[in-house]
Amino acid sequence: MKDIILKVISKIIYIFIFLNFLILVIIIPEDWLFYDYNGGKLYMTMDKRDFLHIIKHCYKSIFDGGLGTTVRGETIWNYMKPIIPKSLILIFLSLAISLVLGILKGILDSRKDRERRSTIKLMTTVIGLSFPEIFIGVLLQSFMVWLYRKGIEALPVGGYRSFKHIILPTITLSLFPTMYIARVTSLTIDDIYSKEYIRTAIGKGASRRRVLYIHVLKQALPKIIGSFSYILSTLIANLVVVEYLFYYPGLAYVMLFKYSIGEKSVAIGAALFLSITYFALKLIIKFLAFFIDPIKRSKLRMGGIR
């Protein structure tokens with residue numbers, strides 16, 4: 001338990017340092033330094049007191065709870081309230097779809113005690129891991145436009161007005177996690193099937209379906225959930241591309257758009273909420289992976305007895 005608490009504290013410190021760095025990068029004016037090529041000297045284009053005042057004002061806005069105001073006078077917190085759920089829906093839908101489809105495909109890709117695996121199934125996973133999300137997104141958008149020109153109204157290619165607008169971004173965002181989970185599941189299942197107790201269960205007449213669902217998947221689940229830590233990092237990075245590509249008004253889109261038009265306070269707010277979402281989900285995944293793993297749970301109980 002002590003190790004868990006220390007990891008949580010270290011993660012919180014890491015979050016604090018990261019968010020501070022992110023805030024400073026966004027709020028500092030782009031032209032705050034000037035290099036004199038003739039004299040070979042570096043000058044600050046603003047007074048140190050003004051520089052410190054900008055930083056102080058930014059942190060004051062954060063600790064006051066409103067995070068400042070938009071150009072229309074609305075508090076950033078109120079502005080973000082309807083935006084945060086949109087990104088969360090996209091993230092959770094993508095993770096849920098990836099988990100279900102990834103495990104199913106991983107089961108199909110695995111050998112399951114057979115001598116040879118299907119090369120075609122494996123290649124589809126590798127190809128899925130290789131394609132960038134922006135390529136998949138553009139491909140889906142082009143296909144929908146082609147259908148529309150043929151008189152078939154399928155799915156909207158951008159914006160957010162109904163559930164239909166979530167479908168294409170979700171498909172694009174969940175492709176890589178699905179294939180990654182499939183690969184992890186396949187390799188883990190093959191490794192578990194090589195264990196002696198699995199061979200013994202099969203030798204005693206246990207059906208392959210029972211062995212797979214009762215023994216193999218139960219042992220594979222901790223490693224599959226553990227892979228979510230890496231998947232989440234990739235998912236958040238791809239979220240920026242996907243939201244901007246589909247004009248999906250979530251946190252990543254708002255962060256990029258507001259920064260491009262000079263509303264840095266709103267961009268900071270979006271970046272803060274996106275970062276907090278990432279680290280909160282990562283902590284949840286870490287705890288979930290810990291308590292699903294029977295080996296780690298037994299170590300915790302032994303530590304508590306001592």
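First residue shown is number 1, and so on along the chain.
Backbone N, Cα and C define each Cβ position, glycine as well.
Residues or ranges marked as domain 'ABC transmembrane type-1' by TrEMBL: 84-289. Among the features that TrEMBL reports, transmembrane segment is placed at 12-35, 87-108, 120-146, 166-189, 228-247, 267-292.
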With Cβ-Cβ distances below 8 Å as the criterion, list the same-chain residues six or more beyond the ends of the transmembrane segment (87-108) that contact it, or say none.
118, 121, 125, 166, 169-170, 173-174, 177-186, 188-189, 212, 217, 224, 228, 231-232, 235-236, 239, 242-243, 248, 250-252, 274, 277, 281
Distant-in-sequence neighbours of the transmembrane segment (166-189), which means Cβ under 8 A and at least six residues beyond its ends:
89-91, 93-95, 97-99, 101-103, 105-107, 109-110, 112, 122, 125-126, 128-129, 131, 133, 136-137, 140-141, 144, 155-157, 160, 212, 216-217, 219-220, 223-224, 227, 230-231, 234-235, 238-239, 242-243, 245-246, 248
Near the transmembrane segment (120-146), which same-chain residues lie under 8 Å Cβ to Cβ, leaving out any that are not at least 6 residues past its ends?
105, 108-109, 154-158, 168-169, 171-173, 175-176, 178-180, 182-183, 186, 238, 241-242, 245-246
